[in-house]
Each structure stands twice: as structure tokens, then as C-alpha cells.
Protein chains: 2
Amino acid sequence: MMPEGQGAPASPQAFRSSPDRGSSGPAACPPPQLPAPGSPESPAPRRGAIRASFPQKLAEALSSQYGLNVFVAGLLFLLAWAVHASGVGKSDLLCFLTALMLLQLLWMLWYVGRSSARRRLKDTHAGARWLRGSITLFAVITIILGCLKIGYFVGFSECLSATEGVFPVTHAVHTLLQVYFLWGHAKDIIQSFKTLERFGVIHSVFTNLLLWANSVLNESKHQLNEHKERLITLGFGNITIVLDDHTPPCNCTPPTLCSAISHGIYYLYPFNIEYQILASTMLYVLWKNIGRKVDSHQHQKMQFRSHGVTLGSVLGLAALAATIGVVVVYLIWIGRSKPRSESALLMFYLYAIILLILMGAAGLAGIRIHRLDEQSLDESKNPARKLDADLLVGTASGSWLISWGSILAILCAESRPPYTWYNLPYSILVVVEKYIQNLFIIESIHREPEKLSKDIRTLQVVTVCNGNATSLPSSCFESRPAAGDVAPQGSEMPHAANGNMCLGEVGSKEEQKSWEGALGPACHPRFLQGNAQRRVLRNIAAFLFLCNISLWIPPAFGCRPEYDNGLEEIVFGFEPWIIVVNLAMPFSIFYRMHAAASLFEVYCKI
Amino acid sequence: MMPEGQGAPASPQAFRSSPDRGSSGPAACPPPQLPAPGSPESPAPRRGAIRASFPQKLAEALSSQYGLNVFVAGLLFLLAWAVHASGVGKSDLLCFLTALMLLQLLWMLWYVGRSSARRRLKDTHAGARWLRGSITLFAVITIILGCLKIGYFVGFSECLSATEGVFPVTHAVHTLLQVYFLWGHAKDIIQSFKTLERFGVIHSVFTNLLLWANSVLNESKHQLNEHKERLITLGFGNITIVLDDHTPPCNCTPPTLCSAISHGIYYLYPFNIEYQILASTMLYVLWKNIGRKVDSHQHQKMQFRSHGVTLGSVLGLAALAATIGVVVVYLIWIGRSKPRSESALLMFYLYAIILLILMGAAGLAGIRIHRLDEQSLDESKNPARKLDADLLVGTASGSWLISWGSILAILCAESRPPYTWYNLPYSILVVVEKYIQNLFIIESIHREPEKLSKDIRTLQVVTVCNGNATSLPSSCFESRPAAGDVAPQGSEMPHAANGNMCLGEVGSKEEQKSWEGALGPACHPRFLQGNAQRRVLRNIAAFLFLCNISLWIPPAFGCRPEYDNGLEEIVFGFEPWIIVVNLAMPFSIFYRMHAAASLFEVYCKI
């Protein structure tokens with residue numbers, strides 16, 4: 001949980017200079033630049049460079065520290081409630097969360113009202129349309145969850161405190177307004193260093209994180225209770241089992257309805273959890289973007305095309321169907337009797353091993369194809385992408401923690417039931433598959449959009465391969481958008497024109513040779529296979545996307561062999577292992593949804 | 001513990017272009033740049049831009065994921081040992097750590113041997129001399145600790161496994177070679193993307209982190225045992241107390257010597273802990289620097305000057321003396337009897353409250369002085385500095401977790417012994433003081449070295465204030481090193497010359513006006529107070545430095561009121577609170593040492 005609060009948003013200079021570099025080449029000698037008086041950033045940039053009355057670094061540190069303190073205080077409230085601390089009730093916790101949400105509501109209203117007057121710069125990488133779409137979906141389910149909770153409160157209103165009714169109402173309003181806010185403002189690049197904006201955004205980030213932690217805790221308690229009930233049937237009755245039940249001490253008026261609501265709530269929690277974490281990542285990107293200097297147009301629109309991915313989709317959908325089947329059977333069998341439980345575990349391990357092998361192979365193939373393709377990576381600054389990569393590796397660590405725990409337990413256990421031998425390859429494969437998949441995704445999201453670079457390369461190839469080996473001084477090729485640059489959207493043709501203009505210039509013999517060497521592979525027949533490669537990559541992305549959705553389902557809906565196989569609990573002890581799983585599992589679950597989101601982006605980009 | 005592994009090392013282009021910007025101005029029209037054939041980076045940079053056979057992002061992800069897996073596996077070994085997992089003994093853990101150290105030893109030998117042949121680029125910000133000095137000091141104590149452990153092994157050799165002897169020997173050798181390695185190579189900027197180098201560095205980072213975690217765990221167990229022994233005297237005997245003692249089950253040959261060694265080991269652990277974490281941060285900076293493009297000279301040498309800081313040093317030394325007195329009295333009084341323990345707590349809280357108020361005031365004064373001073377911040381890329389800022393905020397969160405726990409406990413407790421009322425302001429002050437101090441340090445380390453910018457501003461002021469109001473087009477001022485740039489060391493005069501060359505150029509009336517406005521404050525008498533300001537800042541830094549050293553001592557040597565006051569344990573329960581403290585305390589302790597190191601740097605920079 002280390003804060004990335006201080007993540008240096010790089011030197012503004014680096015960004016200010018990039019449009020220059022984009023159009024250098026023969027035109028590399030611009031007249032001494034005077035600040036354009038009309039541009040929005042020009043008023044006093046020189047003055048700002050000399051007198052920074054409230055420097056960005058300080059504003060960042062101020063707000064990130066405030067946010068961390070809110071978060072830490074909230075975590076302790078959650079801990080206090082989780083361990084039944086004396087004097088800290090559920091209503092205190094809900095009061096605290098409600099207050100945070102109300103504060104955020106006020107701030108969002110202020111921001112929306114204030115923004116309607118002025119136009120802001122936009123980060124086209126942030127808040128992609130599909131991201132906003134999926135957050136809306138999750139938000140709708142969250143609001144349904146809120147309604148169920150209100151129903152639950154009405155049913156048990158005799159013995160529940162008012163806060164348990166106020167909280168879901170506030171939460172529903174908060175969800176509605178937040179989704180509206182994210183639709184309108186997730187791409188904003190706030191240019192004023194006004195304290196109130198920074199504090200508001202970071203407050204929103206950590207409020208959502210706390211709501212996430214709250215949901216995770218509720219879900220974990222529920223899962224743990226179910227697990228404890230099941231555990232006895234597997235023959236591990238010697239573990240002290242105390243159910244941590246929060247059923248209110250009074251009767252609900254229509255009992256069947258109440259029990260239906262209780263069940264419904266727990267099936268909707270996983271979506272609420274995804275909603276909260278997704279909202280906080282989008283808000284975090286908004287926070288990181290505050291004060292950034294970027295060109296207003298720097299991004300190619302991504303398109304979703306569905307043709308040519310039959311194989312990947314069919315395989316992926318088959319995996320999805322298999323998963324749903326396995327989960328249903330697992331949930332029916334587990335905890336009925338010892339042999340039934342063992343069969344359920346065996347079935348789950350076999351299914352997961354096959355799926356993980358396929359996914360690993362697909363990921364390896366994807367990496368191999370990327371390695372064959374000569375293309376430099378786009379390493380320009382991009383908070384949304386950096387966060388994606390960080391989250392992939394960070395949240396995978398949660399699942400690695402559980403897997404290494406299983407591996408260690410299997411190696412050290414004194415007696416091993418037969419199904420544990422399937423646990424060993426399963427745990428190893430979980431580690432390996434995430435390792436491979438992260439590599440594939442990280443490389444893919446750092447690729448330049450295919451179309452742009454292909455166009456330019458084609459031009460180069462035509463120029464060089466025609467036998468017309470006019471030397472190409474390197475300064476000409478500066479006109480090609482370099483790896484670190486993001487080319488303005490409509491600038492492909494001017495670049496090409498620049499390239500041609502350079503052909504007359506003089507260069508040394510050596511350079512020419514190195515150029516031909518570098519471009520040589522592009523003349524190779526392999527270059528013609530570009531479309532086939534792209535189709536294979538798109539199939540891989542589609543397959544992995546559906547597989548990640550599949551693997552999100554089992555842990556989110558209570559199919560958790562890490563609990564049920566019982567071996568780790570014997571080796572580590574019940575309490576320590578439960579703490580490890582409860583801390584790591586939320587990250588592991590989030591990993592799958594996040595990887596799926598990233599793979600969707602990869603798919604659209606190819 | 002989120003990995004910063006993916007921290008995008010920004011676009012290489014941004015860095016490559018900075019020398020241009022530094023010397024633009026009238027000379028802003030360089031001839032189309034041909035790659036200089038002699039420079040170390042030139043061989044095939046053009047080719048690299050087109051064909052990146054093994055892209056940096058991928059290499060980073062590969063190695064960081066490997067490191068995280070090693071770390072996670074190691075953490076589970078530690079956990080298994082800590083909870084007395086069945087089948088995992090201390091010798092398994094030590095075997096694992098020894099193997100990691102041996103692997104790192106081999107890698108370091110390979111690297112040192114390979115590096116002797118070639119010269120590498122250096123990052124002058126990384127591995128400062130004082131940093132290497134302090135790591136050497138801590139390493140010496142670590143080696144003494146190793147010798148004591150060998151002595152302990154010899155004494156108990158009858159009943160200890162061989163690994164407990166092999167481990168300290170390996171550790172001593174590892175420490176020796178690592179310090180040699182860090183002296184020679186901490187500043188290296190590895191330019192090849194060779195896998196072996198990345199893997200080696202990240203392996204070293206996480207090996208040191210695991211050794212740190214191992215020491216922390218040993219220290220925590222020891223503190224916890226002492227705490228449990230004391231707890232009874234404060235009247236909290238109702239908590240289940242089981243000592244977690246690891247004394248070997250045989251007799252040591254000279255008993256007095258053995259007990260002396262045991263005690264000695266625990267007094268040396270805090271230094272060993274600092275050594276390990278310091279080494280891993282230096283190695284982490286080395287890892288982040290791999291593949292970075294920087295100018296070879298970009299840093300002013302910092303000088304340590306001791307004159308003019310009498311007040312700060314005297315106050316700081318007084319605080320240090322008071323701390324040592326308080327800690328000694330605390331350790332004698334605590335756990336003797338209930339009134340004695342309460343007096344000890346009362347004394348500690350009063351002392352800490354006074355010290356924290358003074359530190360907070362000093363920090364606020366420092367921030368205020370920075371706000372008065374018109375100077376833009378240096379926001380150029382600098383992994384060492386970014387890590388410093390991240391660590392300050394990240395490790396402060398550990399201490400905030402404990403403080404918010406105390407605050408919550410005080411607010412929610414049902415009965416409160418009188419001394420707890422001192423705990424409330426103490427806890428609040430811990431939060432506030434770290435908040436302020438972080439702001440002060442983060443702003444200070446982002447300031448440009450004073451001398452350089454003062455020189456240039458003086459030139460500007462002379463130019464404008466002379467009444468010789470020749471207009472200064474903004475392009476001239478590009479020659480001043482902008483906020484994002486780090487000027488080459490010896491280039492002050494060329495810049496000045498550029499500035500003068502510009503004086504003949506034509507600019508608009510408006511610009512001239514805005515320039516005079518911007519430079520106006522510099523003509524103000526306040527500008528003359530620069531030296532006084534600097535002296536005040538240096539006093540503040542010296543005072544805070546000594547205070548942070550002071551506040552490192554109590555928790556490192558067993559003076560932990562969070563354990564001893566007992567209130568939090570009643571509210572949260574013994575186990576949960578002990579887990580919170582044991583997880584957060586190492587970061588809280590490290591915070592103090594790290595803040596002291598940063599303040600030392602700030603002091604030298606002012």
C-alpha cells in the first residue's frame with residue numbers, strides 16, 4: 001500500500017519541448033520562440049518559471065499526505081470493527097464513511113459547477129470510453145445493492161441504528177453523482193494549482209478506497225463464515241471455529257424476503273468492489289494529471305473491431321462456460337461431505353491447471369510475436385498507462401503471496417491428502433501465468449498504435465527499397481515521431497512530406513550504411529505478414545480477456561480452494577493463514593478484472 | 001509495499017533534448033545534429049530507436065516480477081517461522097537467506113570483474129559520499145553483530161544446527177563485499193539492457209529487503225517478549241501472555257559471556273536494520289538508473305559547512321542529550337512497578353510533546369522562509385530524489401497508522417488511566433510533525449542549488465535594475481537553466497555570456513513590462529537578506545537533523561509507549577494491536593533515520 005503520491009509528474013519542460021521535436025527535421029531552426037499571447041498557457045510562463053508561488057511538488061505532498069491520513073484513520077476504523085474492538089461499533093464506522101462521502105459530494109458539486117464556466121485541457125489517454133462504460137455497469141449494480149440494503153434496513157429497522165439506513169442512501173447518491181462526474185471530468189487536466197482541487201481529488205480517491213476496503217471486509221467476513229461452516233466436513237474439525245455473524249438481533253417482517261435480500265446482497269458485493277476500485281483508479285489518474293503539460297491532441301482513437309477473432313473468442317467463451325459450470329458444481333459439492341468436497345477440489349484444480357497452461361502458452365506466443373516485430377516502444381509519460389502497469393504487477397503480488405504460501409505448505413506438510421498434489425502445479429502455474437501475462441500486457445500497452453507507425457515505416461521502406469539509395473541523414477528521421485513522442489493525430493502526411501524533403505540532403509557514407517542495415521529487416525518478406533500477425537495477436541488478446549473474466553468469477557463468488565483445501569491452515573495455523581488470504585485475496589481478485597480491462601485496451605489497439 | 005518497479009523512466013528523448021534547451025537562446029539554431037561518432041552512446045542510437053530488440057519496459061517488468069516473487073516467497077518463510085508453522089524451522093529460513101546471499105555474492109563478483117574493463121556513466125545524485133559513509137558505519141556494526149552471532153553459535157554449538165553458524169559467516173562476507181560494491185558502483189548508470197545486470201541488481205535489492213525483514217522480525221520478537229514481561233506490572237495481567245522464547249535447549253559453556261553476547265546482539269540489531277534498508281534503497285536507485293540517459297555532469301558538489309549553525313546544533317544536541325536521559329530512565333523505570341511505569345510513560349510523553357512542538361515550529365518556519373523566497377523548483381528526473389520523497393511519505397504512513405490507532409483507542413476507551421491524556425496530544429503531534437517535516441524536506445530537496453541560481457539572478461537583476469532597460473526577449477532567458485534543467489557544472493559563465501549577447505535583440509514593449517514585474521521583487525531589499533535566510537534555514541535543518549536522530553533512539557532501543565501504555569491493547573485486543581505495531585513500527589523507525597539523512601542532504605545544499 002505504498003503511496004505513489006510523490007510520483008514526479010516529470011519536468012514540465014520535457015513536455016513543453018515535445019511539439020518542437022515532433023516537427024524538427026529540416027525545419028529544426030525555428031525563430032527564437034516568443035510566447036504566443038493567445039494560447040491558454042502563455043500569460044506568464046516566464047514569470048512562473050522564476051516565481052512559483054505554490055510549487056507543484058509542495059501541493060502534491062500536501063494533498064497526498066492528507067489523503068493518506070484519511071485512509072489510515074479509516075483503515076483503523078475498519079480494523080476496530082473487524083476485531084470487535086470495545087467501544088467501536090458498526091455505526092461509528094458508517095458515520096465516518098458517510099461523512100467522507102458527503103464531503104466528496106460537496107466537493108464534486110463545487111467542481112462541476114465551477115467547471116461548467118471554463119474549458120479544460122483533456123488527457124485523451126485517461127478515462128477511455130469503455131472504462132466509463134464498465135464503471136457505469138458496475139455502478140448500476142452498486143445502486144441495486146444499495147436498494148437491497150435499504151430494504152434490509154427497513155426489514156430490520158427495529159433493531160438497527162439509523163446510520164445503517166443513512167449509509168446506503170448516501171452511498172447511492174454518491175455513486176450516481178460520481179459516475180456523472182467521471183463521465184464529464186475523468187479526462188480533465190487541471191491546470192490551476194488550486195489547493196481545493198487537489199485536496200478534493202485525493203479525498204475522493206481515498207474515500208473510494210475506503211469504501212472498497214469496507215466492501216472487501218464485508219465480503220471476507222461472509223466468505224470466512226461460509227468457509228468455517230464447510231471446514232468441518234473436510235475433517236478439519238479440530239480448528240477452533242467461531243462464526244462471526246452480524247445478523248441483527250430481531251426478526252424481519254417477511255422472513256423469506258429478508259433472507260432473499262441477504263443472499264442477494266452477497267452476490268452483488270463483487271461488482272460493488274470492482275466499482276469502488278475502478279473509481280479510485282480513475283480519480284487517481286485525474287490527480288496525477290493535475291498540473292501536467294501536454295499537447296491537446298496526442299492520441300489515436302481506438303476502435304473496437306470484432307472480425308477475425310473467431311478462434312480466440314470461441315476458445316475464450318468455452319473457458320467462460322466451463323468456469324460457470326465448475327463454479328456451480330463446486331459450490332454445490334463443497335462442504336456436503338468429505339469425498340464430495342475432495343472431488344470438488346480435484347475438479348477445480350484440473351480445470352484451472354488446463355486453463356492456466358493454455359493462457360500461459362497464449363501469452364508466450366504473444367510475447368514471441370512482439371519480439372519478432374521490429375517496433376520501438378512508446379515510453380512517453382502517461383499516468384494512466386503507468387498506473388495500469390503498476391497495478392498489474394502490484395496486485396499480482398497479492399496472488400503470488402497466496403501461491404507461494406501454498407507451495408511452501410505443500411513442501412513442508414507432514415501428511416498430504418491426495419488432492420494437494422494438484423495444488424502444487426496449480427500454485428506454480430498461477431505464479432508463472434501472471435508473470436507471462438503481465439509481460440505481454442505491459443509490452444502491448446507500450447506499443448505505438450499500429451496504424452501510424454506502419455504508415456510511416458511503409459514510406460521509409462518504399463524510399464530505401466526502391467534502390468533509390470539516397471542517403472538519409474539522421475536529422476531527417478527526427479521528423480518521424482520518435483519513440484518518446486506521441487505524434488499529433490492528423491500529422492502523418494506532413495511527416496511524410498518532411499521525410500521526402502530531406503532526400504536531397506547530404507549525409508556520410510557510414511550513416512547510409514547503418515540506415516540500410518536498420519531498415520533491412522523491413523524489406524524482408526516477414527514485413528508482409530503484418531496483417532496475419534495482427535490477427536493472431538488480436539485472437540490472443542480476446543482469448544486472454546475472456547479467460548481473465550473467467551478466472552475472476554471463482555474467487556469473487558466464493559470458490560476459494562485456498563480456504564477449502566485446509567492444508568495451508570494446518571501448516572501455518574488457522575489464524576495466520578486466514579489473515580494472509582484475506583489480505584491478499586482482494587488484490588488477487590482485482591488483478592483478474594484489471595488484467596481483463598487492460599487486455600480489452602490491448603485488443604482495441606492492435 | 002507496492003512495487004515501484006514500473007516507474008516509467010520517462011522518455012529518453014526528453015533527456016537527450018535537455019542539453020539543447022540549456023544552451024538555446026540566440027544559439028537556438030544548431031546545425032542538424034549528426035550523432036557524434038565518438039560519444040559512448042552514439043554507436044547505434046538511431047538503429048536502437050527503430051529496432052529495440054529487447055525493450056527497456058520489458059526488461060524492467062521481467063526483473064521486477066522476479067524480485068517480487070523472491071521477496072514474497074521469503075516473506076512467507078519468515079511468516080512461517082514467526083507463527084511456528086509445523087515443518088518450517090529456523091534452519092530452513094536461514095538456508096534460504098544464505099542461498100540468496102551467495103547468489104548475490106556471485107553476481108557482485110561477476111559485475112565487479114566485468115566493470116573493471118569498461119567505464120560507465122555515473123549518476124552524480126546517487127550514492128552521495130555521506131550516504132556511503134553512513135552505510136560503512138552501519139556495516140561495521142553489522143559485522144561486529146555477525147561476530148557476536150558466531151560467538152553465540154560456538155557457545156551453543158551442541159544444540160544449534162550448522163546453518164546458524166554458516167549464516168552469520170556468509171552475512172559478514174556479504175556485507176563486506178556489498179559495501180565495497182556500493183562504494184564503487186552505486187553511481188553507475190548501466191547502459192546495456194543485459195538481462196543479467198537487471199536481474200542481479202533486483203535480486204540484491206530484495207535480498208537486502210529480506211535480510212531487513214528478518215532482522216526486524218528478530219527485533220520485534222525480542223521487544224514483544226520484553227513487553228509481555230513488563231505488561232503485568234501495569235496491571236494488565238488479564239491478557240494471555242505466552243513468551244515466544246528462542247533460547248536454545250542446551251547450556252552455553254561460559255554462561256556470563258553467553259548472556260553478555262545475547263544482550264549485545266539485541267543492542268546492535270537497530271544498526272543492522274538500518275544497514276539493510278539503506279543498502280536496498282541504494283541498490284534500488286541503481287536499478288532505476290539502468291538504461292537512463294543523462295548528461296555526465298549535471299550536479300553541483302555539495303559541501304558540508306559547519307559555521308553559523310550554533311543555535312540549531314546546540315538545541316539539537318540538547319534534545320539528543322535529553323533523549324538519551326529519558327530513554328535510560330524509561331528503560332529502568334518501566335516494568336518495575338505500576339506507579340514507576342506510569343511515571344516513565346508520563347515523562348516520555350511530556351518530553352516527546354515538547355520536542356515535537358519545537359520540531360513542528362521549526363519545520364513551519366522553514367516552509368515559510370521557502371515561500372518567501374522566489375525560486376522555482378527543480379523538477380527534473382532524478383530517481384534518487386524521487387525515492388527519497390516516496391520513502392518519506394510511505395514510511396511516515398507506518399507511524400501514522402500507529403498514531404491514529406492510539407487516537408481512536410483514546411476516544412473509544414471506556415476507562416482511561418490519567419497518563420493516556422498525554423497520549424492524545426502526543427499522537428496528534430506525531431501526525432502533524434511528520435506532515436510538516438515532509439513538506440519542508442520535499443520542498444528543500446527540490447530546490448535548485450542556491451549558489452547557481454543566485455549567481456544568475458544577480459546577473460539578471462544587475463541587467464534590469466541598472467536603469468538600462470534594454471528589452472529582454474524571452475528567448476534570451478531560455479539560456480538561464482530552466483526549472484526542469486540541471487545545468488552543467490562549469491557552465492555558469494557561458495550562460496551569462498549568452499544573456500549578454502541577447503541584449504541587442506528586439507522585443508515587444510509588453511514583454512519588457514512583464515519582465516520588469518517579474519524581476520521587481522528581486523530588486524526589493526528582501527533579496528539582500530538571502531544570506532540571513534540561508535543561515536536560518538541551515539539552523540533549522542541542523543536542529544531537525546539532530547532531533548530526528550534523537551527520535552530514532554527510543555523505539556529502536558525498546559522505549560515503545562505504544563506497547564507499554566496498554567490502552568490500545570484493551571480497545572483493539574492484544575493480538576490485533578501487536579500485529580499493527582509490529583508491522584508499522586519498522587517503517588516508523590526507518591522514517592526517522594531516513595528523514596535525518598534527507599535533512600543532512602538539505603543542510604549541505606542550503
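Every residue gets a Cβ built from N, Cα and C, even glycine.
Record features (TrEMBL):
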| type | residues | note |
| --- | --- | --- |
| REGION | B:1-47 | region 'Disordered' |
| COMPBIAS | B:28-43 | compositional bias 'Pro residues' |
| TRANSMEM | B:66-87 | transmembrane segment |
| TRANSMEM | B:93-113 | transmembrane segment |
| TRANSMEM | B:134-154 | transmembrane segment |
| TRANSMEM | B:166-183 | transmembrane segment |
| TRANSMEM | B:266-287 | transmembrane segment |
| TRANSMEM | B:308-334 | transmembrane segment |
| TRANSMEM | B:346-370 | transmembrane segment |
| TRANSMEM | B:391-411 | transmembrane segment |
| TRANSMEM | B:536-558 | transmembrane segment |
| TRANSMEM | B:570-591 | transmembrane segment |
Cβ-Cβ under 8 Å with the transmembrane segment (B:93-113): same-chain residues at least 6 beyond its ends:
70, 73-74, 77-78, 80-81, 163-164, 166-167, 170-171, 173-174, 177-178, 180-181, 184-185, 196-197, 199-200, 203-204, 207, 210-211, 214
Criterion met for the transmembrane segment (B:134-154) and the transmembrane segment (B:391-411) (at least three Cβ pairs under 8 Å):
no
Are there three or more C-beta pairs under 8 angstroms joining the transmembrane segment (B:346-370) and the transmembrane segment (B:536-558), sequence spacing 6 or more?
yes
With CB pairs under 8 Å as the measure, which of the listed stretches B:266-287, B:308-334, B:391-411, B:570-591 comes out on top against the transmembrane segment (B:346-370)?
B:308-334
Sequence-remote partners of the transmembrane segment (B:266-287) [C-beta within less than 8 Å, at least six residues beyond its ends]:
63, 123, 126-127, 131, 134-135, 138-139, 141-142, 144-145, 148, 175, 178, 182, 185-186, 188, 190, 198, 201-202, 204-206, 208-209, 211-212, 215-216, 218-219, 222, 383-384, 387, 391, 556-557, 586, 589-590, 593
Same-chain residues at least 6 beyond the ends of the transmembrane segment (B:570-591) whose Cβ lies under 8 Å from its Cβ atoms:
212, 216, 220, 224, 236, 239-240, 270, 273-274, 277, 391-392, 394-399, 401-402, 405, 408-409, 412-413, 434, 552, 555-556, 560, 562-563
